[in-house]
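Annotated in Swiss-Prot:
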- 17-241: region 'Small GTPase-like' (REGION)
- 34-41, 81-85, 147-150: GTP binding site (BINDING)
Ligand SMILES: Nc1nc2c(ncn2[C@@H]2O[C@H](COP(=O)(O)OP(=O)(O)OP(=O)(O)O)[C@@H](O)[C@H]2O)c(=O)[nH]1
């Protein structure tokens with residue numbers, strides 16, 4: 001290792017053997033969907049900042065962009081929050097259209113309901129079907145999340161209902177409390193990132209930056225070789241130069 005000078009500071013950092021060792025972070029695009037005030041924004045903010053912020057204005061579709069590390073891999077993560085007012089069954093065409101664009105853009109999905117709101121649970125299946133309709137050829141990873149697991153006294157959706165639905169749809173399922181358990185929120189997002197990464201086929205081989213060493217001119221190399229050959233005692237005829 002050699003010391004690397006950066007803005008007046010000396011850091012010990014390995015200098016890449018070649019410029020092709022510079023790595024780009026993987027791009028991961030996620031969307032969080034769910035009908036009603038199920039805690040989508042709270043989940044995203046909890047994951048990105050560790051903080052639970054109790055009060056949010058109803059969101060109109062915010063995009064979060066962050067560099068994050070998942071198991072040592074640097075990811076350029078984008079998370080699209082979607083408005084909870086959207087019901088895929090009975091929404092206006094333009095609302096469904098904007099949701100479809102978001103679904104088209106994303107590669108991995110969190111479908112969130114609140115365990116205190118049975119209607120939000122019922123909206124998961126149509127949302128899931130919508131994702132599969134928009135991505136007919138890819139098996140984009142989907143995780144179903146039952147949020148607000150701390151509000152047991154107000155429970156309307158049993159854990160078993162969540163498990164059954166997830167089994168039917170072939171998704172992963174987790175019941176969590178965004179307000180009480182940061183680790184569970186983190187697990188959900190990290191798992192989804194890993195699934196998307198796997199889907200990219202990038203888990204083993206990391207994409208390399210386009211900064212690649214300039215190839216040596218083949219003509220110069222060839223010329224050198226032929227000069228060497230020509231100067232070698234074994235070569236008698238000057239015609240060796242061609
Ligand atoms: N008790 C409890 N409250 C939660 C939890 N997660 C979110 N909330 C609350 O639920 C309310 C709605 O949370 P939001 O994150 O705004 O919900 P949303 O799904 O983004 O709603 P829209 O912005 O309308 O799409 C807020 O008052 C949050 O504090 C949780 O795990 N437990």
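Note that Cβ sites are derived from N, Cα and C of the backbone, with glycine treated the same way.
The model shown is predicted, which means the values in this text are computed figures rather than measured ones.
Known features from Swiss-Prot, placed on the structure.
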residue : record           : DSSP class
34      : GTP binding site : coil
40      : GTP binding site : helix
82      : GTP binding site : coil
149     : GTP binding site : coil
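A simple Cβ count within 10 Å picks out one of the binding-site residues 37, 40 as the most packed, and that one is 40. In this structure, the binding-site residues that sit close to ligand 1, with a C-beta under 6 angstroms from any of its atoms, are 37, 40, chosen from 37, 40, 82. Cβ packing within 10 Å was compared across the binding-site residues 34, 85, 149, and the lowest neighbour count falls to 85. The Cβ of residue 82 (GTP binding site) has 31, 32, 33, 34, 40, 59, 61, 99, 102 as same-chain neighbours under 8 Å, each 6 or more residues away in sequence. For the region 'Small GTPase-like' (17-241), the model's average pLDDT works out to 83.
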